[in-house]
Amino acid sequence: MKVVVTNDDGPQTPLLKPLVEELKKAGHRVVVVVPERPRSAAGLARTFHKPLRVRQVDGGVYVVNGYPADAVFLALKLIAPDAEVVVSGVNVGENVGVEATFGSGTVGAAIQAGVLGVPGVAVSMEQGGDVQLMRRVAAAAVDAVGGGLGDAYAVSINIPAEWGGGLFCPERLARVVYQERLYEGVDPRGEAFYWRWGPRRERLDAGTDAYYFYTERGITVIGLWENGVAPVAEYAKRLGSLLGVKYIKC
């Protein structure tokens, strides 16, 4: 298949090269179109107030002076209009729960692809994760697209650092994952500043993506569409079969 690879971390992210290598090894034709600099937490933001520009850098990678969704738009409208799937990632850090999922530039890029009629696959891995496992999951995720995504526009796949061996299709996203608080300080000029920060909740709601990811240490597969979370059991089962997963809960 012809695959567009994008991300929200730009061309220098350490997981871009192994992802592209694995997809090419699997026989896919790969075009890389990414933001020119990190754009984490951009969600579905797009550029309206200035012209978009695109240029090629080392290795034939296309970089765009916009957000991840802009990179996907230019990829599918200009650079690779015949693309059959868009892979967004691999993000350094998981995207679990409502805020992280819909605030993620990685996931936003996959949704943008789906809105434009091309299946979008977002892949995120917890820091310290196994790069070889990531390569296997990403390649299998693309191959599994051949059977469609059901009602979903896109899927978001999260890989834990210490995989427990299972694969899960949560029915809902966790509403609250972190106990965030607002911290206030004063800079040397006397101006107030604020930080949002908080630890992860110790008890996570059963049945949510956060529960299966953090408690069961499973790979999670969430389908996304206009009504929120879409059922993607058939896609996830194909993915699990390609990975040789023995325990699949979908």
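Just so it is clear, glycine is given a Cβ too, placed from its N, Cα and C backbone atoms.
A quick note: this is a predicted structure, and the numbers were derived from the prediction, not measured.
Per TrEMBL, these features apply:
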BINDING   D8, D9, S40, N91  divalent metal cation binding site
DOMAIN    3-161  domain 'Survival protein SurE-like phosphatase/nucleotidase'
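In the predicted model, the domain 'Survival protein SurE-like phosphatase/nucleotidase' (3-161) has a mean pLDDT of 96. Here the binding-site residues are S40, N91, and the one whose Cβ sees the fewest other Cβ atoms within 10 Å is S40. Note on the binding-site residues D8, D9: the fewest other CB atoms within 10 A surround the CB of D9.
Using the Cβ center of D8, D9, S40, N91 for divalent metal cation, the list of other same-chain residues with Cβ within 8 Å runs, in sequence order, N7, G10, T13, P38, R39, P68, G89, V92, G93, S104, G105, T106. Secondary structure from DSSP puts D8 (divalent metal cation binding site) in coil. The secondary structure of S40 (divalent metal cation binding site), as reduced to three states from DSSP, is coil rather than helix or strand.
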